[in-house]
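K.L.:
Below, the features straight out of TrEMBL:
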| type | residues | note |
| --- | --- | --- |
| DOMAIN | 49-115 | domain 'HMA' |
| TRANSMEM | 141-159 | transmembrane segment |
| TRANSMEM | 171-193 | transmembrane segment |
| TRANSMEM | 214-237 | transmembrane segment |
| TRANSMEM | 243-262 | transmembrane segment |
| TRANSMEM | 403-425 | transmembrane segment |
| TRANSMEM | 445-465 | transmembrane segment |
| TRANSMEM | 791-812 | transmembrane segment |
| TRANSMEM | 818-841 | transmembrane segment |
Amino acid sequence: IHSVLVALLPQKAEIKYNPEYIIPSQIAHLINELGFRAEVLELVERGMDIIDLNIEGMTCASCVSKIQKSMLKIPGINTADVALLTNSGRFKYDASIIGPRDIIHELDNLGFRASVSNEDSKTSGLARSHRRETNRWRNSFLLAAIFGLPAMIIMIVFMTKYKDHSTAPQVVMGLSVENLIMFCLSTPVQWISGRYFYIQAYKALKHRSTNMDVLIVMATTTAYVYSFIVVVINMVQGIPSPITFFDVPPMLMMFVALGRWLEHIAKGKTSEALTKLLSLQPPRGTLIKRDEATGNILEEQSVLAQLIQRDDLLKVLPGETIPTDGRVIDGTSTCDESLITGESMPVEKTVGSQVVGGTKNLNGLLIMKATHVGQETALKQIIKLVEEAQTSKAPIQQLADKIAGYFVPVVVCVSLLTLTVWIIVGVTRFTYIEKFSMFYQSLVRVSALGLATPTAVMVGTGVGATNGILIKGGEPLEAAQKIRTIVFDKTGTITQGKPTVVDIRIFTKNEHWTLKRMLAIAGTAESGSEHPLGLAVRNHCKDYFGTDQLGRCQDFKAIWGYGLRAQVSNIEFLMKQKNSDPYKLGTPSTPRTPTVNSGDMSANIPETYSVLIGNREWMAKNNVTFDEQVDKTMGKHEHDGHTAVLIAVDDKIIGMIAIADKVKQTAALTVFALQSMGLNVLMVTGDNVKTARAIAAQVGIKNVYAEVLPTQKERFIAKLKEASIKGDKVAMVGDGINDSPALARADVGIAVGTGADVAVEAANIVLIRDDLVDVLGAILLSKKTVRRIRLNFMFATVYNLIGIPIAAGVLLPAGVSLMPWMASAAMALSSVSVVMSSLLLRYYKKPNIQDYNTNQYALWSMAKAKDIQVHRGIESFEYTPNGSLISSLKGSRLAQILSGAVSAVKHRASYIDKQRTALLLNGSTLANDYNEEEMELNQVTIL
């Protein structure tokens, strides 16, 4: 066995072993020998699914052999395990080759009727095991309480009525009434309620180890046996009944059992997030067959969700749960994805939209095609990530585990030392000395130390999952709060990741050459293009006209890097469609005023148009000229990082379309919030310097590295880590395949969930929603969780640090001592307080990004485009860590406010100076130019 990783709360262990020497069943047997019930959980290989089936008709071993041999011959089936006794079978198969319905069909062909097993999943089995443990400690507590509460009352009564125990009423000489009653109350608790403690303590000692059960058994057995012996000796000698400790077992057992019962209840609540995700798994789906010609539904049947296969057509009615991941091929609706992505608003779904299994279809009929099934679905992957996160341990937990391993032996040794010291001091009454040593043992609570981290990690990761933030374990959860430098990729992370139309200008306008006609021609011409910019133009035109059908495109020819040439016809039907806003861009933007040139183009528009769409060079190659106004308009967009393409019809420039990858709506606010926390925010991109500078100006990132290759991104992160102060962490936020090396290299890799699967696999934290605010949310959740862990450590240690010296008799000269029931109550309270403290994390709420939209943000926004440093490549990389006082002040909230205020004053003064200059010159040219510059800047900010 190479390594063992045990998680307390999920009650799972990950064991790496050499299969040449040991098998999983033997490992489970060894764990059982240690006194812990264990069973092997099968792991699913990548790309493989497992299905459990009930098989009818098997009568003997030959049936089993026949099924296994026949099924293994079928392509796609990896293993087949059939059990005659339980009439069941487990099949591991490749979901890309064969599906569960195919397996059932093959079994039917062999003459054995099969159906999907209705047995609970392993998670449900673990839940049943947890309930069994909870009930066991509940019953143990109730039994101990039945005898423990009367024992406590009787002890108090006799203590208050008989100050001197020798004067208490005696049944016989040497046996008082109090001792007889306490013996009768203590014995059932010691041997019946305490049997769980004895069993676990025996198994621990058998393997030369110690745990909490050993301490409890030592304390209660010492008290019970000692009390029984001294009473018998006094009865034989005929002397008055002695002071005994029969009250220790019932009260100690009662408080310990109560603590463990409450502990198990609380631990069950920490996994509520995972339970919610499991409850989202849809039970069934409606499978349909359609007429390919008409689209009419020919047949439909209800099937179990486990039987859905790739490319199946499914019908989802309003109010139903979507059975698996897929793509809408017919219908429109809205879906509630709040429990998966954290997005509270319903999400619109149309033809081509992706739908997620487990989300709810709200108000429309959808026909969908299954694209991911079984273990491949988003919900299954989320559940897997959450389970792995809750099983893993944070680095701080490793220290706690190490301390806990030495804690019990040390306590026993110190307890014996306490007894020895008191004997040396010369206390004459042995029972008095033994009392304090025994109390000391009963006080120690090491399990609270073991619960301090995993309970907080489990609740923290669960809360993150419900808010659309998947944290892969305790290590990234702990590391995120130490982030001092955060690096953003540009495309798909800061920006939306796909080009969209941001501006449209028409340079020739008359009765016929309208914006509508130009868009109809441009969209039709681009219908043959697969270039991202062409797709952006085509999609915008389809949205503009509200139809997927455009005109006819012929003789299409595209030259990469220049543009396209095509013949366009049959667009007149588009001219008849009404549009409320002739300058609509499909998304909110600044008002567009078309520039009008008096062209000499004939009003007699031909039915077929010769169209050129492309850059300046493409127009020059085709001898198409344009004036300075057109060139100036293109230049402004190119300065802002946009791509401007010209549209020429019959060798005359008609208009221009500007295309850009828009910045995400909350990107600038998120950068402001991160900088306000003192973080150093950088951007690294493979894009050109001009575009990188334009995007950085919109979001306020001051340090930018452009034209960086994917391999260089990984080196860049490595250099940042080397230059950082020890303990400071570097984070990388990305979404694409080219970001995956950098995500893996960073201390904390954060992947946008809508990105590539490789990036998601390489990252430590996955943002399900395409919203940068969740980066801020993940860091704040990490800070809150680590603070809670530290508070838990305080709860776990304060009882021992304060109580152990008192129990050892340090304050005995001052008349302060600790009774056994007090010690056991403190012991139970320590664990309960730790778990309850962790549960408070459930009330964590993600930050509302609009809370950062303050006056300070307004001042910051006015200066965000200033002092931007853009580096070409990473060769000029120089990084000064935020270690000094000055550098730390640079990133502080105070520095942000002061910098923003100074920039705002400069900006205002410059504006006033320009206005005065314009008035003195008695002309409006300069003022108009400045206003136009302001309009363009605002436009960039909005986009």
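Glycine too: its Cβ is placed from the backbone N, Cα and C atoms.
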K.L.:
Against which stretches of its own chain does the transmembrane segment (171-193) lie, if we need a Cβ under 8 Å and a gap of at least six residues from its ends?
P.N.:
140, 143-144, 147-148, 150-151, 154-155, 158, 165, 220-221, 224, 227-228, 231, 233-241, 244, 246-250, 253-254, 257
K.L.:
For the transmembrane segment (141-159), could you work out the same-chain residues 6 or more beyond its ends whose Cβ comes under 8 Å from its Cβ atoms?
P.N.:
165, 168, 178, 181-182, 185-186, 188-189, 192-193, 246-247, 250-251, 253-254, 257-258, 260-261, 821
K.L.:
From the DSSP assignment alone, can you count helix, strand and coil residues within the domain 'HMA' (49-115)?
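P.N.:
Summed by class, the stretch gives 22 helix, 25 strand, 20 coil.
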K.L.:
Mean pLDDT over the domain 'HMA' (49-115): what is the value?
P.N.:
81
